[in-house]
Each structure stands twice: as C-alpha cells, then as structure tokens.
Amino acid sequence: MGFRNRSYKRAEVITAYCFLFCAIVLALLFIVIPIGRAFTYGFTDYYLLKPDDKAFIGLDNFYRIATDEVFLKSFLNTLQFVVLVVPLQLGMALGLAMIVSKKVIGNAFFRTAYFSPAVLSLVVISILWTVMLNPTSGLINEILTGLGLPAQPFLTSTTQAMPTIVFISAWSGCGYQMMIFLAGLTNIDKSLYEAADIDGAGSFKKFVHITLPGLKPITMFLVITTTIQAFKLIVQPMVMTGGGPDYSTMTMLQYIYEYGYRHRNIGYASAITLVFTIFLIAVSMVIKRLFKEEKA
Amino acid sequence: MKRVKKALFYLLAIALALQFLIPLVWMILSSFKIDDTIYKDLGTIFAVVPHFPDLTLKSYQELLGYYNIFQNLFNSLIYASITVLAGLIINSIAGYSLARFHFPFKNVVMLFIIALMIVPIEAIILPLFLVVHDMGLINTMAGYLLPFFVNVMNIFLFRQNFMSYPGELIEASKVDGLGEFGSFCRIVVPSSVPMYVTVGILTFLASWNDFLWPVMAISNSGLMPIQVALNAIFSDTYNIFTSHMMAALTMVTIPIVLLFVVFQKYIIDGVVRSGIK
C-alpha cells in the first residue's frame, strides 16, 4: 500500500474529515478554548458579575498565589493526601489481590466483598461515612467503644479529618486496583514459583524476587494514575467537611471551585487553574521519567 | 502448623470482608428502619444483622413524599444514556477515521489528541464553566451534556482497536456496494461489540457518578442529576432523618448493583484492560 503515502484520494480525505468533524469541533470548544480562557483570564482581575470591568493586571495574580496562606495550606493538604493515599490504597489493593489469588474455598465471596464498594458513587460513600463517623451517634465510635477503645472526633478534628478522608478514599478505591493487580498476578509465569520451590525459597523471598518484579509495569501504571487522581481530590471534602475544620481538608481543586465558582472571582481562580494544570502535567511527566530511569 | 496458617488466613480474609461489607449492610438495613430503631440497634449485633419485626418501608414512603427522587434518578438515567450513545458514535468514528484513512495533517490530529490526553479535565473545570456560561447554556441539558461527549482517551482506544481490523474485509464489503459509512456500520461495528459495550458501560458509570461538573452546570432542581440531589438533601436539611438518608443512598445504588450484575464481565475487563495497556 506504499503508493498511498504520496498522494491523497479526494473522496477518502473528505470522508476522513467528516468522520472526525464532531470530535474535533467538540474538543476545540470544550477543551482547547477553556485552556485558552485560563491563559487570558489568569492575567486579569475579571469578576464574573462585572464582565465589562476586567483589566489586565500582569502577574499580580501569580504574586498573590505565592503569598496566599490558604492556597499554600490547600497545596500542603493535597500533598499530604497524595503521599498517604497512594501507598495505602495500592498496598491494600496488592494485599487483597494476593488473598483472592489463592485458590481456596470462599474465594469468589472474598473477591465480591472486597470489590463491593465499587458500586457506591463518591457522593454516596462520602455521605454514608459522614453519618457513620458522627462523633456522638455514629456506628464507628460505637464499634470502637465496644472494643474498649476511646471514641474519636474524626472529621470534626483538624488533625484527624484529612487522615480520615485518606482512609475512606483508600477503602473505596482499592477494589478496582485489586482487580488490576489480580490480572497481573495471574500473568506471572507459574514455573518461576515452581523453580523457586525446588531451590527452597520461602514465601517472602518468592514475593520479593518473583511477584514484585512481575507486577512492575502494572504498579508503574497504577502509581501514575492514582497519584494524578489523588491530586484532583475534591468530592469527599466537598461533601464531608466543606474543606474544614479550619481549612484542614481544603484541596487545590476545591480552592479553585471556591474562588472561581462560589465567589465568582474568575481572574484569580484562572491563575490558580493555570498553576494547577501545569503542575499536574509536570508531576505525571516526572513520575514517568523516574520509572523509566529505574527500568534502564 | 499448616492448619494454624490456614486458620489465620481465613481470619484475615473474613475480617477484611467484614470491613468492606459492614458499611454497605448497615446502609441497607438502616434504610428499612425508623431512626429510633437505628440508634437503639447501634451498639448491638442488629446494627448489621436483620431483625425482621423491626423492618419497615416507612422511610422510603416518607422520603418519596418529601423529595422527588425518581425525577432525579430519571434525569441521571437520561443524561448517562445520551452521553453513552453520543460518546460511542462520535469517539468511535473519529477513532476509525484515524485508524483507516490516509489524509493530510493526520499526524497533527494524532499529536493534538495525544496532547489533550494529558490535560486533566477536572483541572480546567472552571474555564469550561466560563465557556458554557458565555454560550448561555448553564442550567440547560445541552450545556451540561455537550462538553463530555468527546473523550480523547476513548478516541485513542477505538483507534487502537480498529487498527487491527483487516482492511481486506472492508474492501470486500465496498465491492458489494457499501460506502465507507455503510461498511463501518455493517461490518466493523458488529465485530467490535465487546469494545463498544465496555467503553459504553464505563462511560455510563462515569456519567452517573459525576458530581463536580453537575454541581457547577446545573442548579435547577428539576434538571438535577441524582448525585447533586443527594448532596442537596444531605446538606440542605441537616436534620434529615438518618433512615431517610440511607433510603436515598440505597435507591441510588440499586441501579448500579444491577448494572454490575449484568455487565460484570465487561466492567472488570474494562478496568483490567485500562490497567494493562
């Protein structure tokens, strides 16, 4: 089919662009133009309710970001969430996958049970857990005191709110990743384990030298996607705490939502959008680079 | 030794299973109780084990008397269905075009798609809101749905899928008098049904569960999808009965449970495939 590289067939070109038409128009309208808007508005003091009154203010918004304490706090909160949730969630997912990969009686039940939070939406999960974590009349404190442990304030405490959200996110998200790890485990060559058995390797050694290396490509993919996903945390704090108490669960995306949507302060929120988007793209590129270096 | 190991394994596996199931079971059981019973049972085994004389449908009746949950569920169903249908058509023909045809600037279009794949959509949600706002489409179905028809990741997935489709079969169908679009509809699509089902189900779930965009795009309660309505119920009347809230949560979850039961294979397949590629 080499001859086709040189010349285009008119009918084919027309058909090709007809097929692409909707996708290109929609992508331009709803992805490219918004990115452009973030760039143009980020350098203005645009307030949504006074659209004719916007002035170009240069880098003022960006100076303001650099000295904004609540922004810094929301950045650190988000970072704390990412650093805690990624290892916790992936660790839980891998552990669960190891359990359900064993061919034992009850295997199907365990798999279904571990995967079951997947049927709940983030809003449902957030509401359900907020009710269960009620410090005075919640199920969780009732269980804790029943076991002889002290009751906890959970979401109402500035120090416990974020770790609580971390746990709930890992709880609800690890089932999906368990499935991905499980597929990875079944793809590992069984004869490797048999050979290790003959050499007398223990189960810990087998885990470190066969299982983990075999799961490496999948782990890399999961670390990247979970990290990016975690940086975009918003629904759980929005529903459970509204960013409080005392901004202790305010995240970066939520800060954009608060400033841009709730307070209609488009100029400043657009500047934060730019910083946030570029930051996320940079993070995903850095993680990919790290994994590549390790591979080589 | 082996027996002890086995017992420990089961103990751990069961404890973990309980940890995932208790919240779900508590949610469902509490939806069939009145608040007094919920809180009376809290410290007892009946919090998570049904005690049939106590169960009633009262909370559902009362909830449906206060809130028009069915309207919101119906809205979500319509929104998700339209998004699936339009998304499958638009993204798959775009992917097909990129896989099969030879045309000028094809590399530019490909590069454009790959570049957009790394843009986190939620991050640009505010300027997206502004664009839809400027079009005068806030609080309309069009403004809510149009931005999420195109999904560059799905275009890419469809392209990968169609690349492996043998071109001779399409040429043969053209000899039989079918045009490009005809051969796509009659020959290519039927042979890619699993791909369509998988992408369709994942799109449906994403649309059904979405929260941030609908919060921004829709404030009219008649148009609200169910997730936003849930949050409104939860936060608007902070003194809402726990039993009513649990009934609402259960009602939202039932359709998804059915979806998982019917399409389990495709959902797992989609999840796993996205992880392995």
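Easy rule for this one: first residue shown is 1, then count along the chain.
In case you wondered, yes, glycine gets a Cβ from its N, Cα and C as well.
Keep in mind that what you see is a predicted model, and the values were worked out from it rather than measured.
Here is what TrEMBL says about this protein:
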DOMAIN    B:73-264  domain 'ABC transmembrane type-1'
TRANSMEM  B:7-29  transmembrane segment
TRANSMEM  B:77-96  transmembrane segment
TRANSMEM  B:108-130  transmembrane segment
TRANSMEM  B:136-158  transmembrane segment
TRANSMEM  B:184-205  transmembrane segment
TRANSMEM  B:246-268  transmembrane segment
Intrachain neighbours beyond the transmembrane segment (B:108-130), with Cβ under 8 angstroms and 6 or more residues off its ends: 98, 138, 147, 152-153, 155-156, 212-213, 216-217
Stretch among B:7-29, B:77-96, B:136-158, B:246-268 sharing the most Cβ pairs under 8 Å with the transmembrane segment (B:184-205): B:77-96
Range from B:7-29, B:77-96, B:246-268 with most C-beta pairs under 8 A to the transmembrane segment (B:136-158): B:77-96
